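J.: After the structure tokens below, expect a handful of questions from me.
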Amino acid sequence: MESLYRVPFTVLECPNLKLKKPSWLHMPSAMTVYAMVVVSYFLITGGIIYDVIVEPPSVGSMTDEHGHQRPVAFLAYRVNGQYIMEGLASSFLFTMGGLGFIILDRSNAPNIPKLNRFLLLFIGFVCVLLSFFMARVFMRMKLPGYLMG
């Protein structure tokens, strides 16, 4: 395999370039990278690619028994379709659950006082449990009868 890689370089000669990093380009801090990862996670789980391609409405409407139009946030009985608000709401829940796990991990640091550790554990558990149960509620609204019994 090595000889196969060597074949083009018998004819081609690599240029002797002395490249250096621009002085204005600095390595981003860990918090900046983390913020970019969380924002991209929020956008991807919210279905931003689907929203750009399909261009769904932000909310839908449903006619009630009196003939009035009522706004609805969830596109019921359609697994492969969504309104924009539905995607953003579920994306917020997924991100909140992920942040809850990160908060739970941060509560394990050895130099955290007992009260702060308790508060971090409480906030982390609340975020994880709230996002889990609200995602189940969203699934019941999206697919009525799916998670029953």
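Any Cβ shown, glycine's included, is placed from N, Cα and C.
Below, the features straight out of Swiss-Prot:
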- 1-32: topological domain 'Cytoplasmic' (TOPO_DOM)
- 33-53: transmembrane segment (TRANSMEM)
- 54-83: topological domain 'Extracellular' (TOPO_DOM)
- 84-104: transmembrane segment (TRANSMEM)
- 105-117: topological domain 'Cytoplasmic' (TOPO_DOM)
- 118-138: transmembrane segment (TRANSMEM)
- 139-149: topological domain 'Extracellular' (TOPO_DOM)
J.: Who are the chain neighbours of the topological domain 'Extracellular' (54-83) in space, where the CB to CB distance is under 8 Å and they lie at least 6 residues beyond its ends?
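T.: Tertiary neighbours of the topological domain 'Extracellular' (54-83) are 47, 89, 138, 141-144.
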J.: Taking a Cβ cut-off under 8 Å, which residues six or more beyond the ends of the topological domain 'Extracellular' (139-149) line up next to it in the same chain?
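T.: Distant contacts of the topological domain 'Extracellular' (139-149): 74-79, 86.
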J.: What are the DSSP helix, strand and coil residue counts for the topological domain 'Cytoplasmic' (105-117)?
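T.: Taking each residue of the topological domain 'Cytoplasmic' (105-117) in turn, the totals are 6 helix, 0 strand, 7 coil.
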J.: Using a Cβ cut-off of under 8 Å, list the residues of the same chain at least 6 residues beyond the topological domain 'Cytoplasmic' (105-117) that approach it.
T.: 124
